[in-house]
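Visitor: The structure under discussion is supplied below as structure tokens; questions concerning it will follow.
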Amino acid sequence: MSSILPFTPPVVKRLLGWKKSAGGSGGAGGGEQNGQEEKWCEKAVKSLVKKLKKTGRLDELEKAITTQNCNTKCVTIPSTCSEIWGLSTPNTIDQWDTTGLYSFSEQTRSLDGRLQVSHRKGLPHVIYCRLWRWPDLHSHHELKAIENCEYAFNLKEDEVCVNPYHYQRVETPVLPPVLVPRHTEILTELPPLDDYTHSIPENTNFPAGIEPQSNYIPETPPPGYISEDGETSDQQLNQSMDTGSPAELSPTTLSPVNHSLDLQPVTYSEPAFWCSIAYYELNQRVGETFHASQPSLTVDGFTDPSNSERFCLGLLSNVNRNATVEMTRRHIGRGVRLYYIGGEVFAECLSDSAIFVQSPNCNQRYGWHPATVCKIPPGCNLKIFNNQEFAALLAQSVNQGFEAVYQLTRMCTIRMSFVKGWGAEYRRQTVTSTPCWIELHLNGPLQWLDKVLTQMGSPSVRCSSMS
């Protein structure tokens, strides 16, 4: 390996020999970038080897990697190694590097008050799973520990297991098809749809006294995050829903009781672009729609879109832009990171300023009014959509008729403002009064609704937030 530094211990060379390589060279300058990456990987392995030599767990790590066996023992390091790995999102505007790790040019202090002294930050189990198993790993949301891991990240022990074969990739659950009766009555026009644009929504600071009930320990993010991973109680979701999580619902339990109807299964399929994002300044649409194909993307205020994972608002011009909008745009900074993993959508605030989210799906989970706007502080993340919850609501709404299904259209649209919030507690009471905001259209659920409505005998009108 050309990047190996002098005096590299043999065990480090052996472990680096098992490193998984990402496909492609990264285009122009890829050779230099790959060289820097290999040097960093060597440093990461050296640091881990140094820690494990002190505890006698080095042999177990090498055994796990060479045999690729999940039945090996836990390989642990102290979970308080924040001075090297970092356990929270930084509150400074720095570059997110090509490996998905935070890069720092100098010492910075994280949200939990600890001093960061390394040039990159990341969760240790994510770093080593990326190094030895999945080079395309983006986030801890994509990982879950195996059952026999005693020091899994989500258990929040004093030690954390970094055995890459003690973690699995989260798989996207298969949604059961919705059984839809074919109705003979054809509607000539769509019913009115309240998309909350002109209403004055309530406000909340998540989690503000809300404690989601769960039957298992959620894989929560590290300190400095707000998280609500895990399912909530059925009472919070909907008083009339059957007991059990959406994952346990089947086409039989979700289908209409009258089996004499002509029932047709309507299945969910993943689109090429999981969401489309439109940017607005006040009530004016600015720029073209961004179509997201990658499971992780950022919407930021910068001007250098390096790849398909960035929507840079700094590039967009608007002749009608006023001073308030200009000032707000300067504070967007690193903006928001959106993840689509395992049928769930997460929003993580990377900016120094809060973001404000209106997600009817999230609001229903917590028993809030559908139009409630939730403030997400810097360094925090929130689950803003869950495909399984939506599938359960869709199957239930089919029994209630066309209009009930059509009203679910608004659940597939998420609005998000930067820096400035809106609602009853703010001077700006509607989203179109905020200087900078975006609207996400979740294409998979919207296309599913299209197919269900068509099967029910609806007019051939595509679902959108503006329908």
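A Cβ is built for glycine as well, from the same backbone N, Cα and C atoms used for every other residue.
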Visitor: Which range, 51-55, 221-225, 396-400, 431-435, does Swiss-Prot list as motif 'PY-motif'?
Guide: 221-225
Visitor: Going by DSSP, is CYS74 (Zn(2+) binding site) sitting in a helix, a strand, or coil?
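Guide: In three-state terms, CYS74 (Zn(2+) binding site) counts as coil.
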Visitor: Near CYS161 (Zn(2+) binding site), how many other Cβ atoms are within 10 Å of its Cβ?
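Guide: Here the count is 26.
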Visitor: Over all shown protein chains, what is the count of other CB atoms within 10 A of the CB belonging to HIS166 (Zn(2+) binding site)?
Guide: 26
Visitor: Under DSSP, is CYS149 (Zn(2+) binding site) part of a helix or a strand, or is it coil?
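Guide: In the DSSP reduction, CYS149 (Zn(2+) binding site) maps to coil.
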Visitor: Going by DSSP, is CYS161 (Zn(2+) binding site) sitting in a helix, a strand, or coil?
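Guide: The residue in question, CYS161 (Zn(2+) binding site), is strand (DSSP, three-state).
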Visitor: Roughly how many Å separate the Cα of CYS149 (Zn(2+) binding site) from that of LYS19 (N6-acetyllysine), to the nearest whole number?
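Guide: On Cα coordinates alone, these residues lie 22 Å apart.
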